[in-house]
Amino acid sequence: MDDKRQEFVTNGFLGLEWTDEIVAWDPAAYNNIYMIHINPKDIWRPRMILLNTLDARDLFDDDYSPTFIVFDGSVSWFPGSLFPASCKLNLEKFPFDRQNCSLSMLAMGWFNTELNFYTDSGGVELDNFVVNGEWEIISTNLTVQFILQRRSGFFILNIVMPVVLLSFLNIIVFLIPVDSGEKISYGITVLLALAVFMSIVSDMLPRSSDVVPLVTIYLFVLLIISVLTVLVAIIIVWLHHKDEKESKRQKVSTSYKNLFKKVRLLNRATAPLTTVSVNPATGHQDQDLDNDDQSTSISKGPSLLSAVKKLSNPDKVFPPVPEEGHRINRYRLIGRYLDSIAFIVFIFLWGAVTLGFTLALSTE
C-alpha cells in the first residue's frame with residue numbers, strides 16, 4: 001500500500017476453471033491418460049484485464065503458468081502476477097484507519113451472455129498469505145475486495161507518543177525561571193521538534209485527499225499551542241528585562257542626587273563666618289570677619305570640622321527622597337503571576353486537545 005500514490009499492489013495467483021470440449025479425449029484411446037499439463041499459449045484462454053490498474057491493463061502474459069487439462073475438457077489455469085490497482089484512501093483516522101480496496105477484472109472480447117465469472121468459495125484463499133508489517137487483511141469477498149486495517153503500533157510509538165510528550169514538555173517552559181536564561185531557547189527547541197514531526201507525517205500522506213487526517217489537525221493545533229507558549233515566554237522575559245533597565249536608571253539618578261547633596265554641604269562649609277562683638281568702651285555691636293579678637297563672640301554658622309564630617313553622610317542633613325522601587329517589584333511579580341496562570345491554562349488546553357483527538361479516533 002502506497003499512501004502517497006493511493007496505490008494498492010497485490011502479488012498472487014488467480015485460479016480459473018472452464019470447460020473446453022475441443023480439448024476433450026477418450027482416456028482409453030490414449031493409454032488411460034486422464035490429465036495432462038501443457039503451456040497456456042497452446043490452448044484458448046480468456047484475455048483478462050484489470051480495470052482499476054495503475055500499470056498495463058493486460059494481465060497474465062506469462063505463457064508458462066501452470067495449466068491442467070482433464071480428459072472431459074475441464075481446464076484449470078493458475079496464472080500469477082502483480083496486481084497494481086488504484087485504491088481511494090480515507091485517511092481521516094490515520095494511523096488508525098481501515099481501507100477498502102478492490103480488484104475489478106474483466107474478460108475482453110466477450111459479452112456477459114457468452115462468458116461469465118463464478119466463484120466456488122466465499123472469498124480469497126489466504127493459505128499462502130504473507131503477513132505485512134504495516135497492514136493486515138480483515139476480510140475478502142466475491143468481488144475480490146480487500147478490507148485492510150493499518151497496524152498502528154509503529155506509528156503510536158514513533159509519532160503519536162513523541163508528539164504528545166513533546167507538546168507536554170513545551171508547557172514546562174513556564175516552570176523555568178527567567179534568571180536561568182533558557183526560557184525562550186527551550187520553547188523554540190520544542191517548537192522546532194514539533195515542526196520536524198509534522199514534516200515527517202506530511203511525507204507519509206498523499207498531497208491531495210478528500211478529508212484532512214485528524215493527526216494532521218492535531219499536530220497543527222499543537223504547533224499553534226507551542227507558538228503561543230513561546231510568545232508568552234517572550235513577554236515574561238521582556239517584563240524581567242524591563243525591570244532591570246529601570247533599576248539601572250534609578251541607580252544613576254540616586255548617584256546624581258548624592259553628588260548634589262555633597263556639593264551643597266561643601267558650599268556651606270567654605271562660606272565666611274559672621275562674628276558679632278560687643279565693645280565695652282562704646283557699648284555698640286561690631287561685625288567682623290576675623291575671630292582672632294579676645295572679645296566675646298556669638299557664631300551663627302556651623303564649624304568647618306562639623307560640616308566636613310557631615311559630608312560622609314549627607315542623608316543625615318538631607319533625608320533621602322523615596323525612590324519608586326515598588327514599580328520594579330511589581331513588574332517581576334506580574335511576570336511570576338503570568339507564569340503560573342499560563343502554565344495552568346496551557347495544561348488544560350493541551351489536555352482538552354489530546355482528549356478530543358483520542359475520542360475522535362475511537363469513534364467509528
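Yeah, the Cβs are placed from backbone N, Cα and C, and that goes for glycine too.
Features of the protein shown, as given by TrEMBL:
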DOMAIN    2-143  domain 'Neurotransmitter-gated ion-channel ligand-binding'
TRANSMEM  154-177  transmembrane segment
DOMAIN    159-286  domain 'Neurotransmitter-gated ion-channel transmembrane'
TRANSMEM  184-205  transmembrane segment
TRANSMEM  217-239  transmembrane segment
REGION    277-297  region 'Disordered'
TRANSMEM  337-361  transmembrane segment
Go through 154-177, 184-205, 337-361 and flag the stretch with the largest number of C-beta pairs under 8 Å relative to the transmembrane segment (217-239). 184-205
Restricting to the same chain and to residues at least six past its boundaries, which positions have a Cβ under 8 Å from a Cβ of the transmembrane segment (337-361)? 93, 96, 164, 167-168, 171, 174-175, 214-215, 218, 221-222, 225, 228-229, 232, 235-236, 239
